[in-house]
Amino acid sequence: MTLGGFLSLRQSCPSFAAPIDSRNGAAAAAASNPRALRFRHKSFPRATYLRAPRRAMDPPRCLGSSGLEEATDDIAAAATLHRGVPSDLVEKMMYDALVWSALHGLVVGDRRVQNSGTVPGVGLVHAPFALLPMSFPKAHWRQACELAPIFNELVDRVSLDGKFLQDSLSRTKKVDAFTSRLLDIHSKMLEINKTEDIRLGLHRSDYMLDAETNLLLQIELNTISSSFPGLSCLVSELHRNLLNQYGKDLGLDSRRVPGNTAVSRFADALAKAWNEYNNSSAVVMVVAQSEEHNMYDQHWLCAVLKEIYPYTIDTFSSSFLTLSEIDTQGHVLPDGSLVVDGQTVAVIYFRAGYSPNDYPSEAEWRARFLMEKSSAIKCPSISYHLVGTKKIQQELAKPNVLERFLDTEDIAKVRKCFAGLWSLDDPDAVKSAIEKPDLFVLKPQREGGGNNIYGDDVRETLIRLRQQGTEELAAYILMQRIFPTASLAFLVREGVWHQDVAISELGIYGAYLRNKDKVIMNDQCGYLMRTKVSSSNEGGVAAGFAVLDSIYLT
């Protein structure tokens, strides 16, 4: 998955608000406190600045979950803090947060400004963020972190079973042109017996905390272009800084915001993969979209990579390369080496290629095939990419399928986090979804946010597909819709804050690196918290539905 994209969420209430039922959240909030919704500041007061920033190129100082300091017993304060934070305090925090974001690179390209998605430094605006972190139970946080290495291993093992991937996606291939092209490349690799001795995965598993069952349920597993490892670290640090300054006023302790290691650990994984390739003159190549307003998240990762390994890795410095540029400038040598613009490529890091929009012509598909047949380390390989499809997620949830890939102890842990998943071949599931569409989500084989189908559209789509009697049913899966607990939150976008009823989703990053039989890295690598208004079905940050957030452990 990539820039954003999540379902409706369910989570514990934030540290600054009392919980509100997500299905009637806005009405309940308005009834209990008509002034609680949509406060907007009109001007900024003079405010005290945060501590002096570090050097601009210093990587964020992210701490792992194991290094979380124990704070004083302020759990009760997090749960019972009165709903209304004084507006003058909000405006002070808002001002300091915007200054901090500008000084520390918590920015994206402003879509209203020409060239802001192509030329670095043009049209910057702060990334959308929540002003305060969202509370989250420590037990569920630990569960999510413990699952990361298991899912990393699962992706690797499933990727090696080419027949399972081809068979599971065979019907989808007939009705989904994009998945069909990916499968064609995979099939050609199987035909030539192409093996990936060195396999690198930078993943993110997304979860919601279901209010009714109090279970942590997986939304999806992203195996390509897992976005925001850079900016997510900055948001965690922003919240720690704000609570260091205003924590006493709020009754909160900054030590309950866990440090975030995502950007440094992803950089470490890329560096280790480069080292395994064993060619000191080779480079790390980033495959990017031609227009990318989230480019600074990618630049943060590359900047940290260069800072930590300045004498080891020479990445492409002029610009990231698009698929069409790789098609024009790239070729594969007889020994399998990939050469692009005269440089041998050791590692290919995909931040594009996950959507049909990334392949407007045959040139982009030629580039994907060229890279896949080379000996360069792909992050992800075509096999890893396919493992992250919605259909494979649904297949793995079937009885006795996980047993093919995992040990008994790990199977129990993974199954515990599976939400309900069904093929549209299941008549009972389809019947239930038509009768009660609000309890289901209809998901196509797409990444990036804005693709899922909700509510009455679920019923209408299913009826239409059944009446047509087409194979198009195979292009979708049904998923249980999760209803998280909603709470009031302060959401900040384009310099304006407002308070609204919101829900959140937790993503846990994972890195996996293997060279033949040797596992070099299999770790949990930080987290991404995204918060959105509860009335929104979709939730991608880059797609404009959500804001970046961090967590406050309770």
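Positions of Cβ are set from backbone N, Cα and C atoms, glycine also.
Per TrEMBL, the features are as follows:
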BINDING   Arg204, Glu220, 224-227, 292-294, Gln298, 351-354, Arg530, 541-542  substrate binding site
BINDING   Glu220, Asn222, Glu447  Mg(2+) binding site
DOMAIN    282-387  domain 'Glutathione synthase substrate-binding'
BINDING   Lys390, 443-452, Tyr454, 479-482, Glu505, Lys532, Glu538  ATP binding site
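Asn451 (ATP binding site) sits 14 Å from Glu220 (Mg(2+) binding site), taking the Cα positions as reference. Cα-Cα distance from Glu292 (substrate binding site) to Gln445 (ATP binding site): 22 Å (rounded to the nearest whole number). Remark: of the binding-site residues Arg204, Lys390, the most isolated position is Lys390 (fewest other Cβ atoms within 10 Å of its Cβ). When the CA atoms are compared, the binding-site residues lying within 10 A of Lys390 (ATP binding site) are Glu220, out of the candidates Arg204, Glu220, Ser225, Gln298, Gly353. A straight line from the CA of Met479 (ATP binding site) to the CA of Gln298 (substrate binding site) spans 31 Å. For Ile482 (ATP binding site), other Cβ atoms within 10 Å of its Cβ number 28. Residues belonging to the domain 'Glutathione synthase substrate-binding' (282-387) score a mean pLDDT of 92 in the model. Note on proximity: of the binding-site residues Glu220, Asn222, Gln445, Ile482, the one nearest Arg204 (substrate binding site) is Asn222, by Cα distance. Distance from the CA of Asn222 (Mg(2+) binding site) to the CA of Gln298 (substrate binding site) is 17 Å. All protein chains shown were included, and the count of other CB atoms within 10 Å of the CB of Glu292 (substrate binding site) stands at 22. Highest local Cβ density among the binding-site residues Asn222, Ser225, Gln298, Gln445, Asn451 belongs to Ser225, counted as other Cβ atoms within 10 Å over all protein chains shown.
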